[in-house]
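The transmembrane segment annotation in TrEMBL covers 26-46, 58-76, 96-117, 137-155, 201-223, 235-258, 270-289. If you look up TrEMBL, you'll see 39-287 marked as domain 'G-protein coupled receptors family 1 profile'.
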Amino acid sequence: MGNLTTVTEFILLGLSNHHELQVPLFSIYLLIYLITLMGNILIILITIDTALQTPMYFFLRVLSFLEICYTSVTIPKMLVNFLSDNRSISYVGCAAQMYFLLFLGISECFLLAAMAYDRYVAICNPLRYRLIMNRRVCLSLVVLSWFSGNVVSLVQTTWVFTLPFCGSNQINYFFCDIPPLLKLSCTDTSSYEMQLFTATILVNFTPFSLILVSYIVIISTILKMASADGRHKAFATCSSHLIVVILYYGSSGLIYLRPKSINSPDSNKVLALMYTTITPILNPIVYSLRNNEVKGAVWRLLWDGLKVKNIFSKKIIVIHFLF
């Protein structure tokens, strides 16, 4: 494959050299994918509850939607590859997968910052919370997070796919991502790698800095509260978001900010599997187990479902009696 125009497809190797792991990995990740889908869809349905029509739950709905899309970009193709000898992905398909992977991941990064700002306003300026965090502001923050994700992912994907690829077209990874694709380029990518590292720092640490500042002010405000009950409630409203932030930035940091000296192909692949599934599957669990309002909405949803089922059953009995 001498130049860029000759590349029509890539091969996603994954763990193809470990044949004994293919079926167990397929079973595990199919289960993870189904749990992720069901959990995040449930969060979306729950937060439609009239008692949860606040900015925090609006952002949570958007976060769950992003998690569903994020896992759907990579896991279905991974599942097919676990059981197939043909692990190819087209050139355009690879570019599209990378674009959406970056777009959704970066959008989530900025959305977490918007959620931190929401918690800051709720705790530090509660009397003006509804006025400041109105519907227009919430929608603007979501659009801004998506716009940021779109711009960064479009630039990064374009840069990668304008590189000439020579020799092997085998990507030693589960999906199309920047680091493994750079290794296939036949030009010196050191300057691009430095640019990528800088972009990663900016994209991750700009929202992370906003989150950090927000939580420093939030914790300072909470500690000044006279009521112990008030402090407990304030901490409770932030804890779920804080756990998700730690999971997201911790796992992404392990992938993109590790020194090359401790990188190995297999460890990178294992971390990639964890990175693409940890936050999406744990997000609904964290928000469900640590939030009494969500628990209440779950019970109301179940109760409404039981009432509908009972009404439906009674109608069937009446129809059966009449005929």
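The backbone N, Cα and C atoms fix where each Cβ goes, and this holds for glycine too.
Taking Cβ pairs closer than 8 Å, the transmembrane segment (270-289) reaches residues 29, 32, 35-36, 39-40, 42-43, 60, 63-64, 67-68, 70-71, 74-75, 108, 173-175, 177, 240, 243-244, 247-248, 251-252, 254-255, 295, 298 in its own chain, all 6 or more past its ends. The stretches the transmembrane segment (137-155) and the transmembrane segment (26-46) are not in mutual contact, being linked by fewer than three Cβ pairs under 8 Å (pairs 6 or more apart in sequence).
If one looks beyond the transmembrane segment (96-117) by at least 6 residues along the same chain, the residues whose Cβ comes under 8 Å of a Cβ in the stretch are 56, 59-60, 62-63, 66-67, 69-70, 73-74, 77, 89, 141-142, 144-146, 148-150, 152-154, 156-157, 160, 175-178, 181, 203-204, 206-208, 210-211, 214-215, 241, 244-245, 248, 252, 279. Under 8 Å from some Cβ of the transmembrane segment (201-223) lie the Cβ atoms of residues 106, 109-110, 112-113, 116-117, 119-120, 123-124, 152, 231, 234-235, 238, 242, 245, 249, 252-253, 256-257, all in the same chain and six or more residues away from its ends.
The average per-residue pLDDT of the prediction over the domain 'G-protein coupled receptors family 1 profile' (39-287) is 85, rounded to a whole number.
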